Amino acid sequence: VLSSKDKANIKTAFGKIGGHAADYGAEALERMFLGFPTTKTYFPHFDLSHGSAQVKAHGKKVGDALTKAADHLDDLPSALSALSDLHAHKLRVDPVNFKLLSHCLLVTVAAHHPGDFTPAVDASLDKFLANVSTVLTSKYR
């Protein structure tokens, strides 16, 4: 459960992320592909090289989805329902991969905003990403 302080930290962080969400999403995907190469199996049709248009486009989708989620902290299931259906029924992404991408997203945000990435912000964003992951995997049954 996100506390009021967590929600404030998330809103503040996404305010700073601002128009960089797509770039950060792509960077986090690149980090994930490099650090956890087994995740590449879900993207066999992608050019996974640094700066590829496909990774950038998917990074934009990730960034847009997280921005939408950050704007709907009190109703993540509704905000992410279509995305949850897609990942559960069509893409069938192993749920562990959401945790890996979440880690890479945290590293990316920390790298770009080191002065703002306090332990409290880290904890709040980690809880937020865990909640998003839970929603995305909720329809796997």
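Cβ coordinates are placed from backbone N, Cα and C, and glycine is handled just like the others.
As annotated by Swiss-Prot, O2 binding site applies to HIS58. Look at Swiss-Prot and you will find HIS87 tagged as heme b binding site. Residues annotated as domain 'Globin' in Swiss-Prot, with sequence analysis given as evidence: 1-141. For SER3, SER49, SER102, SER124, SER138, the entry in Swiss-Prot reads phosphoserine, with the evidence type similarity to another entry. What Swiss-Prot records for LYS11, LYS40 (among others) is N6-succinyllysine, and it gives similarity to another entry as the kind of evidence. The feature N6-acetyllysine is assigned by Swiss-Prot to LYS16. The phosphotyrosine feature in Swiss-Prot is assigned to TYR24. Per Swiss-Prot, the feature phosphothreonine maps to THR108, THR134, THR137.
Where Swiss-Prot records a feature, it is marked here on the structure.
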residue: SER3; record: phosphoserine; DSSP class: coil
residue: LYS11; record: N6-succinyllysine; DSSP class: helix
residue: LYS16; record: N6-acetyllysine; DSSP class: helix
residue: TYR24; record: phosphotyrosine; DSSP class: helix
residue: LYS40; record: N6-succinyllysine; DSSP class: helix
residue: SER49; record: phosphoserine; DSSP class: coil
residue: HIS87; record: heme b binding site; DSSP class: helix
residue: SER102; record: phosphoserine; DSSP class: helix
residue: SER124; record: phosphoserine; DSSP class: helix
residue: THR134; record: phosphothreonine; DSSP class: helix
| message | Spatially, which candidate from the modified residues SER3, LYS40, SER102, SER124 is nearest to THR137 (phosphothreonine), comparing Cα atoms? | response | SER102
| task | Give the distance between the Cα atoms of SER124 (phosphoserine) and LYS40 (N6-succinyllysine), rounded to the nearest whole Å. | result | 28
| Compared by Cα position, which of the recorded positions SER3, HIS87, SER102 is the closest one to SER138 (phosphoserine)? | HIS87
| said: Restricting to the chain of SER49 (phosphoserine) and a gap of 6 or more, list residues whose Cβ falls under 8 Å of its Cβ, or answer none. | reply: VAL55
| said: Counting Cβ atoms within 10 Å of each candidate's own Cβ, which of the modified residues SER3, THR108, THR137 comes out highest? | reply: THR108
